[in-house]
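Structure first, commentary second.
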Amino acid sequence: MVVTRGDKFAGSSLACKSMIGANKMSGSHLHEVNNSRSHFPQTNWLKVAKAFECIPSLNKFMGSNFLYSLESQKLGRDREMAARSIENIAPVTVQTLARPQIEKAWCTLINLSINNTYLRPGITPAIDNDSTSRTSSTKGSTFKVTSNADGSFCAHNHPEHSQRSVRGTAKSIDSFSSSSVGDNKIIIDKVPRVNYEVRDSVTVTNGMEMPPIKNSAQLARPVEPREVSLGEIDYDDIMEIIDVDQIAMEHCPSTCTKQPSVSKFVDIFTSRREEEQGLPPEICSNCSHGIKLGLCPEASTHVEQMKDTLLAISNEILDNTYDLGPDHVEQLHQKRLLLKKQIQQLEILIHNKERKKSQCLVSIPSHNTQYETPQTTNLEVVYGQTDSPTHVKEQGRCVTDNWNMPRDYLVSKERYDISSGSEEREQSVSEVIDVTDTESSNDKKWTSSDFPWTKNLEVYNKLVFGNHSFRPNQREIINATMSGCDVFVLMPTGGGKSLTYQLPALLCAGITLVISPLVSLIQDQIMNLLQTNISAASLSAGMEWAEQLEILQELSSEKSKYKLLYVTPEKVAKSESLLRHLEILNSRSLLARFVIDEAHCVSQWGHDFRPDYQGLGVLKQKFPNIPMLALTATATTSVKEDVVQALGLVNCVVFRQSFNRPNLWYSVVPKTNKCLEDIDKFIRENHFDECGIIYCLSRMDCEKVTEALRVFGHKAAFYHGSMDPGKRAFVQKQWSKDEINIICATVAFGMGINKPDVRFVIHHSLPKSIEGYHQECGRAGRDGQRSSCVLYYSYTDYIRVKHMISQGGLGQGQMKMGYNCKASSGRMLETNTENLLRMVSYCENEVDCRRFLQLVHLGEKFDSTNCKNTCDNCSSSKILIDKDVTVIARQLVALVKLTGERFSSAHIVEIYRGSLNQSVKRNRQDTLHLHGAGKHLTKSEASRILHYLVTEDILAEGVKKSELYGSVSSLLKVNRSKAASLLSGGQSITMRFPSTIKVSKQSKSTANPAKVPLKQTTLPMAKAAPQDSNLSGILLTALKNLRTDIVKESPDLVMAYHIFGNATLKEISKRLPRTKEELLDINGLGKAKVSKYGDRLLETIDSTINDHYKTRPGSGKRRRDENVNPNVAEDDDPDWSASQSHKKVVKNKK
C-alpha cells in the first residue's frame, strides 16, 4: 500500500478503513453479517468509521470486531472456518526500533489526520480561511508499505508529493524493529500472514479514493520471506453492489429528486438520417469504406489521401501542360476543383467535431478537482493617477504592480479598446468558394487612359517617385486595383511591385493596409517612403504599447497623416484589437485596400509556407467589399490557385509577367574539395570589390566560408539565425552601407533586403527548391545591371539537405493544424522532398537551358533561343548525343536488390564500375555477377544515371546520421511499384551525354556574360552634354562619396539606395544636369529628393567640372541661379494646383 500525504483523505477514508479491517476479522460476528445481507451498507460505514476512530493502538484495532459492508466480503462455509481460526493466533510481539529516524518516519505515516465527514454527491467540502497560506506548502513524503511472505511489513519513504494539514484524529503505533542499519525500510517481524487474492498494489494519492480489495480473504501457510505488495482494489466491485442513488436519497431526501426507472433512448436511425441531410453535397459520396465521406470515422485519413491526389493532379497539369489535350486538361481542372471543395468541407466538419469534443472535455472536471471547489480570488483594478503604479485589490490586500501606464489610459482604453498583449483569436475556417480568375496581362481594358485618375497617376509617378514611365504591367495593375477589383500579381523580383500599391495609396482616400512577412522588409519600405515625404507607419509585436496607441489614434483622426500601415501576418492573426480598428475605419469609409506581399507564403505547397498567412482569409470574410492586392515573385500554378482560394479572391484579375531576368547569368559548377578557392577565384576575376551574397546550408558553413574569404582578403561577414539579433542587425547594416562587400548567410537572410547593386549570388550548397533558388537569385541585379548566379553542386549536399528536411530543420514553420497535425507534417515532408528532388534534377541536367528549366517549373513557357548564351548549358561548347540507358538502369536496380538495399549510391557506383576497395571486398561484393558491369562508364556518368533513378522515384533514398561521427549517409532502396515497369521491359530511359567531339571555344566575353555591360536606355537631354568618359567616371566617384556622407548624417535605418540608386548616379554622371529642373528629368529623382539634396548634387557637379576643366569657380552657381524657374514643376503638382485654386476662390469671395 502506498500512502501519500495530502489534504484529500476524506474521499478515501472509508475504503481505507474497510481494507484495514478486512485484514483481521472475528469469526463471532459472521452470523451478523449473514443476517444483514439484504441491507445497504451506508449504516455500516458510520459504525466502521466510529470504531476506527476510537482505536487507541494497532493491536486493539487488529483484534476488534468488523462489520461487513459488501456482498463479496461475506465468507463461504470453508472460508468461514479458516477465518475463525484467526482468533486463536497469539498476540504479536513488536520489537523496539533501532533507529529513531525510522521510528519518526513510521509515526509520520500513522499520524496522518483523516477527515471523516461524509459529503453527499454534488457537495464540495468547505475551505478554511487559512487555506491560502497552505496552498503552496513544502514538499511532503510518500510512504510505500509492502507485506513480506513472512508476515512482516516494509515502508519506503518517497519525498515527492506536496502535503497539507487536514483536521482529524491521530493514530499511532508504539514500537517497531529495524531491518538493517542505514536502511529506509521498516520491517515488522513475526506477524502471521493472511494471504488474499489481491492484485498488484494499492496507492492513495491526493484527492483520489482508494478502492476496496477485490476478492475475499484466504488463509495461507507462511512461506519464505519475499517482498510483495498489497493488492490493488477494484473500484467497480463496490459500484456493482452499492446503490449510490438510494444512499444519497436517504441522506438528503429533501434536496434530491428521484429519477425515473425507465431510460429514454434516442432513435439513432433518425439522428443519422438528419445528419446525412445536413451534409454538403460534395461529401455525400461514398468513400472506400462504403460510408458517406462526411460520416466516415476515418475522415482525416481521407483528407490526407485527397491532398496527395490533389498534389499529383497539380503536378500532372504543370509537367504536361503542352502535351495534354484541352479536354483532358479541363477534366483535370474539374477534378482538382472537386477535390478542393471536398477537402475544405471535410476539414470544416472535422474541425467542428474536434472543437465540440474539446469543449466537452473542458466542461468535465478532472478527477483531482471534481470533488473540490478551489478558492477564488476577486481582483479589482483601481486606476489612480496615470503616473502612479497600478493597485490590485485581492480580498482585502493591495498588490502594487510597477507598470508604466501611459497617460489618459481610461479614455484610451474605452475609446480605442487596445490591450497591451496579443489577443488570441480562434482560427477561422475558410469557407468553400467558387474561385474564378481572369488572365489580364494582355487585356487592353486596363491599359486605357480614360480612367479618371490617369492624369494624377502620371504626375504623382514623376513628381513623388521620380519615374518618367511605368514598367511592364504597373499601369494595368494600378488601374485594376483602383477600379475595386481583387488582383493577383505574379511579377519577378525587381519588377516594381511596391509602386503598384504605394501610388494608389497616395491617390485614394483612406488607409492602405500592407501585410509583409518580415519586420526588416517593413522598415526598409518605410525608410524608402520617408525619402519621398510619404508618411507610413507599422505595427508589430515588439513595439511599445503607447507607441501603438499613438499610431491607432492618428489613424482614427479626421485628417490622418498616414497613408500606408504595415503589419506582419502574425499581427493580423492574433490581434482582435487591430480588426476592431479596421472595422471602425471601414465604417467611416477610410479603409482603401489590403495588400498581401510575398503572397506565396499563404500556400502549403509554396516553398516558404507561413502558417499565420493562412489566417489572412479573415480579411475578406470581414471586409468583402475592400479590394485586395496579392503580390508574389515566385509561384507555381498550383500555388497561385491555392493562394487565391485561401484569401477568398472570388473574381480576381490575374497579371502574370515573365519571370525571366535577362540581366542574370546562371551556372552550376561541380563542388570539389577546393570549393572555397574556386569561389575566391570567381569573385576576383569577375566581381572584385563588388557586393554579393553567398548562401550556405548551416551556421557552421557560414562561419567557415567567411573565415576563408577574410584570409583571401575579402571584406566578408556571416549572418545566421543563431546570432544575437543586435549582431545580425549590425552585420546587415554594414553590408547595406557598403562597409563590407560579401555576406555569407543562411536562407533566413535576403527577403527583407532591397539592395539594388548586388552583383553576384553564390550558393555554396544545394537550395531546397527551384522556387527558393529562383527567389534567392532574384536578389542580384535589381538595378538592371549584369549579375552572376553560381551554384556549387555536390550530391553529398543533397544527402545533407534531405536529412535536415526529415528532421524538420528546413521546414517552413511549425504546423498549427489542430486535429491533423501529423498528417500535415507528413504532407509537408513529402512536398519538401519532392521539391528537393526537382532541384537535384536541375543541377544534374547538363543539357537544357537553365532559364527554361526554372521558368517551366514556374508555369511559364520559354524559348531557349532567347537565353542568348547567358547560362552555362547554352554557352557550352559540348556536342550532346542521346543514349539509351535502359539496360544500365535495370542493372543498377538489380544491384541495389542484390546488396540487400543497405548501401549508399556512391558504394553502388563503386561496385558497378568494378572497384576492389576494402569496403567492396569486406562485404564480398566483388563476387557478384554485376560487379564491374559498368566499367565502360565514367564515374560521373554512372552516378548521373543512378541519381536520375532517384529523382524519378524508381529508387528511394533513405538518410541516416552516424551517432558516433555525426556524418550523414544514404541507403538506396527499390521502389518496387515504380521499378516493376522498368524491369519488365515496359519502360525505356534515354538520356543526353556530352560527345567526345568538341567545337571551337567561343570568345571569353560570350562564355562569361557577367562581364558584358547591359545597354542602358536614357532619355535625351534638352541640351546635350559633351561626352567625356573621364569626367563621367570622376563625377560618379564624387557622387558616391556625397551619397556616403548623406547616409552617415541620416538615421541608422537609412541606406545608400534609399538616397540615390546607382543607376540614378550613373545617369547624372553621363547627362551632367546643371539646374534643379534638369535634375527632375533624371530617372529616380522626384520633387522631394530634389528639394532635399538638389543643392548638394549641383554643387558636387559644379566643383567636379571646375576641377576637371580648371574653370573659374562660381560660374556654375550664377548660371544655375539664372536658369532656375521659381515655379518649376509646381504647375503639374495636383496638391499645389488645388491650393492655388482654393486661394483664388477665397479671394473672389472677398
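Cβ from N, Cα, C; glycine included.
Feature motif 'DEAH box', per Swiss-Prot, maps to range 597-600 of the set 405-408, 469-472, 597-600. Using DSSP to sort the residues of the motif 'DEAH box' (597-600) gives these counts of helix, strand and coil: 2 helix, 0 strand, 2 coil. There are 17 other CB atoms within 10 A of the CB of Ser498 (ATP binding site), with all protein chains counted. Each residue in the coiled coil (327-361) has a pLDDT score, and their mean in this model is 76. When the binding-site residues Pro492, Gly494, Gly495, Gly496 are scored by other C-beta atoms within 10 Å, Gly495 scores highest. Apart from the site residues Met491, Pro492, Thr493, Gly494, Gly495, Gly496, Lys497, Ser498, the chain places the Cβ of Arg471, Ala633 no farther than 8 Å from the centroid of the site's Cβ atoms, the recorded ATP location. Taking the Cβ of Thr493 (ATP binding site) as reference, residues of its chain lying under 8 Å away and at least six apart in sequence are, in sequence order, Ala633, Arg661, Gln775, Gly778, Arg779, Arg782. Cβ environment of Lys497 (ATP binding site): Val489, Met491, Asp597, Leu631, Ala633 lie under 8 Å away, each six or more residues apart in the same chain. Per DSSP, the secondary structure of the domain 'Helicase C-terminal' (678-823) breaks down as 60 helix, 23 strand, 63 coil.
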